[in-house]
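Asks: Marked as domain 'Response regulatory' by TrEMBL: 2-119. For D52, the entry in TrEMBL reads 4-aspartylphosphate. Per TrEMBL, the feature domain 'GGDEF' maps to 169-302.
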Amino acid sequence: MQILVAEDDAVTRRLLEVHLGRWGFDVVEARDGSEAWQVLQSSEAPRLALVDWMMPGMDGLELCRRMRRGSCDQYTYIILLTALTGEENLCTGMDAGADDYLTKPFNVNELQVRLRAGRRIVELQDQLITTREVLREKASRDPLTGLWNHEEIVGCLARELSRARRSGQPVSVVMADIDHFKGVNDRYGHLAGDVVLRAVAQKMQGRMRPYDCVGRYGGEEFLVVLAGCSAESAQALAERLRLSVCREPVDTPDGIVATSLSLGVATCSDASCQPADLIRSADQALYRAKRNGRNRVEANFGPEPAPGVISPCRPASW
């Protein structure tokens, strides 16, 4: 593990370097507070730091304060070194943001024990961060399909529309619905229905660009968010999704299930467009696809809907 030694006295710095090296630490040196601050701002900053109180330029207290004002997830455990003694100085140092306090001349064994404690705290915090990210990911995913859940996919759309207002790029969405899904559940059972949902989700996910988002909007409905995607490109992608699903039946434990999608496409190039407006527009196109026979793509390109695309299980002519 890396450790920062911020100490202006060369003799003390060298002494610390020798002991820390014996204990298995990779030492990064700084000769004053300003240099230490620069080291701690890097993406691979040491997670442990021994910081002298009295240093030229920026002292250890100011360095601690700056570090604690930041919002970095990777916490740096700071032990403040000083010749100052007394309860008042201890409180001042800890109040500035130091995690521990060691007076000079320090006892080597005591320093080693305090560093072990600091290392344990850093490792525990890393475990907490990892656990938090895992929980956050799980909370954002639909447990059946592994796609983004309703809240996350709508949030993705809101974020992309916000970016589009700054960049001037269009945002398109595709609302997809599995045709006759209730009939699948009624005929084959809900377990088979779950297999179909997962299979369709995998096919859709496999045809997305790396920066596209696809989520389970609810039930057998899916929402695709396409950043920087024109109306024509979105319609073409929707057609590819339709073909990928209808060409390959799903093999379930209860039988082979033929599947197809009805899809509605909507595009927003207006800076005032809201997520609900775009979803509503795509939903209207989806219901038009259902009404016009299912297994097809319909699109809303503006105030007036564009004609539907009809090409049952064969490549689109355009």
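Heads up, the Cβ atoms here are built off N, Cα and C, so glycines get one too.
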Asks: Using DSSP with the three-state reduction, classify D52 (4-aspartylphosphate) as helix, strand or coil.
Replies: strand
Asks: Per-residue pLDDT averaged over the domain 'Response regulatory' (2-119) comes to what?
Replies: 91
Asks: At a 10 Å cut-off from the C-beta of the residue listed as '4-aspartylphosphate', count the other C-beta atoms across all protein chains.
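Replies: Other Cβ atoms within 10 Å of the residue listed as '4-aspartylphosphate': 25.
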Asks: Using DSSP, break the domain 'Response regulatory' (2-119) down into helix, strand and coil residues and give each count.
Replies: 53 helix, 25 strand, 40 coil
Asks: When the domain 'GGDEF' (169-302) is classified with DSSP, how many of its residues are helical, how many are strand and how many are coil?
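Replies: Breakdown, helix to coil: 58 helix, 39 strand, 37 coil.
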